[in-house]
Structure formats: structure tokens, C-alpha cells
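Here the structure comes first, spelled out in C-alpha cells, and everything after it is commentary.
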């Protein structure tokens, strides 16, 4: 299932929001989001279930919840504007959807950066079937 997310990222093209999110992740972590965050733990990548495994996985859980709260928006494909200076990401002008999507992505990227010290390579490409705990509500 998470492999589909990676394929979706590659098919969206350079204008897609997922690639903008990947760029934000690179700014905050100096890591490429696709291998490091596209299939990490129980929540990073497509979908999510169970309990977040660590602080990085919780960043993804919160990001998923942020996207869920957006109505009449397409968070994985809408294009937004943002800038960065000295490691600070600033969401730019745009529609209410674009601004909210950008803010969801910005908060997640900052969260990833803040939790680099606890990132566990053993949670990369974590199999969904191991995420069996009851899921939290947003």
C-alpha cells in the first residue's frame, strides 16, 4: 500500500504538493522524504493505523489529522507557495486551501527536524501488519 504512495509522488510531477512537502522535509532534515519518511512507522506514508511508534511517527499522525480536517481541498495535489530563509519555512499567499495545506506540511517538516535525534532506521519500510494497536482519534 505504501509503495502506491511512492509511485503517486513520482507520477504527480514537479508541480504536485507531495513534492513540495518533500522539499520542505529536505530543508528541515537534510534528508530526502521519499526513502526516509514515505513508509516510516505506522503513519508516515499512505494511510495509517495503530499507535505511532515514536516521535517521528507521531509527526506523521498529526500531519494525517491535519489533512483530514481540510474540507473541499486536495492536500496531495494542490500547489501552494512558500519560501524559506535560514531554515525557517514561511507559507505564502494563496487560497484558504493552499494556505492550510502548506501549514500542515510546514508543521510536519518542522516536527521531523525537531525529532531527528530519535529517528530509528528500523522503522523505515515498517510493515502495516505490525501496526495492530487500536488507532487514536485525531
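In case you wondered, yes, glycine gets a Cβ from its N, Cα and C as well.
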Where Swiss-Prot shows 43, 45, 47 binding Ca(2+), which of 64, 72 is named for the same site? 64
Please list, in sequence order, every residue of the chain apart from 43, 45, 47, 64 whose Cβ lies within 8 Å of the Cβ centroid of the Ca(2+) site. 42, 44, 46, 48, 60, 61
Using DSSP and three states only, what is residue 42 (disulfide bond)? coil
